[in-house]
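Take a look at the structure below.
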Amino acid sequence: MIKQRTLKNVVRATGVGVHTGEKVYLTLRPAPPNTGIIFCRTDLDPVVQIPARVNYIGDTSLSTCLTKGDVRIATVEHLLSALAGVGVDNLYIDLTSPELPIMDGSAGPFVFLIQSAGIEEQNAPKEFIRIKQRVKIEEADKSVMVEPYNGFKISFGIDFDHPLFNEHNQNATLDFSSTSYVKEVSRARTFGFLSDYEFIRKNNLALGASLDNALVLDEYKILNQDGLRYPDEFVKHKILDVIGDLYLLGRSLIGSFSGVKSGHTLNSQLLKQLLATKSAWEIVTFKDPSELPFAYTPVAMTA
């Protein structure tokens, strides 16, 4: 039987919210089988818990935000991406601020935290959501789609008019049966343009942004002295975001995702449309490990 997984130990980190600029204390705690991923605002009395599920998605303008009443938790996608990438099903995430810490702008530090805590199997079958038929949403020149595939694959295309972008680094297809999330995706950082920075700051956003937690581009070049971590780091970060958004389905996806110029808003619309189309998916478990798509085997997920 393919089993659910949680952390072996509690692990903590401190960081800054990229939009609020506020210091935040983060604690990851093991959770029982069938809990799912639960965010806990421990700075509130009483503590407010928000499950990482599609029906709690709120604002998606610059990040994916979860809301419950008037309580919000912003920028959840990078940590969720890390949890999906290494296969953690059940977890309590305590935080002392309305936004998760941005860390270095990627999922890499979260992967390190998870690996430091250790992962253990639980005595309950792991559930997957398997795509049975295509679901697609288009909006002008943007589109997102999921379709059947016996594995986990993401294709993504971006289109920026900038000297650093070309067709080689604006399109990527990653099949996770042969691609290591940890090595090839998790370290891709969020990026932004200096030309947008003034507008964003005027709107009291990106108050915690810096060259330490984002790739920043002027008209011609990257301002970060260390340059790119991957030749296609920009599009790989978009794929990192997609993996985090998809994990709001509450289960790992068996299927293929394709996106063109999409962001958190279109991604969330696709998730809602998918769940509303009952014939397009099914929940599956695997008693026989040999039937599990290779992308989700321990060998693939720990590479």
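Cβ coordinates are placed from backbone N, Cα and C, and glycine is handled just like the others.
Annotated Zn(2+) binding site per Swiss-Prot: H78, H237, D241, in sequence order, evidence recorded as sequence analysis. H237 (Zn(2+) binding site) falls within a helix when secondary structure is assigned with DSSP. Using a 10 Å Cβ-Cβ cutoff, H237 (Zn(2+) binding site) registers 27 neighbours.
Annotation note: H264 (active site, proton donor) sits in a helical segment as assigned by DSSP. Other Cβ atoms within 10 Å of the Cβ of H264 (active site, proton donor), summed over all protein chains shown, number 22. The active site, proton donor annotation in Swiss-Prot covers H264 and is backed by sequence analysis.
Between the C-alpha atoms of H264 (active site, proton donor) and H78 (Zn(2+) binding site), the distance comes to 12 Å.
Neighbour density for H78 (Zn(2+) binding site): within 10 A of its CB lie 31 other CB atoms from the protein chains shown. Listed in sequence order, the residues E77, S81, S106, A107, A188, T190, K238, I239, L240, G244 complete the 8 Å Cβ shell around the Zn(2+) site centroid, once H78, H237, D241 themselves are left out.
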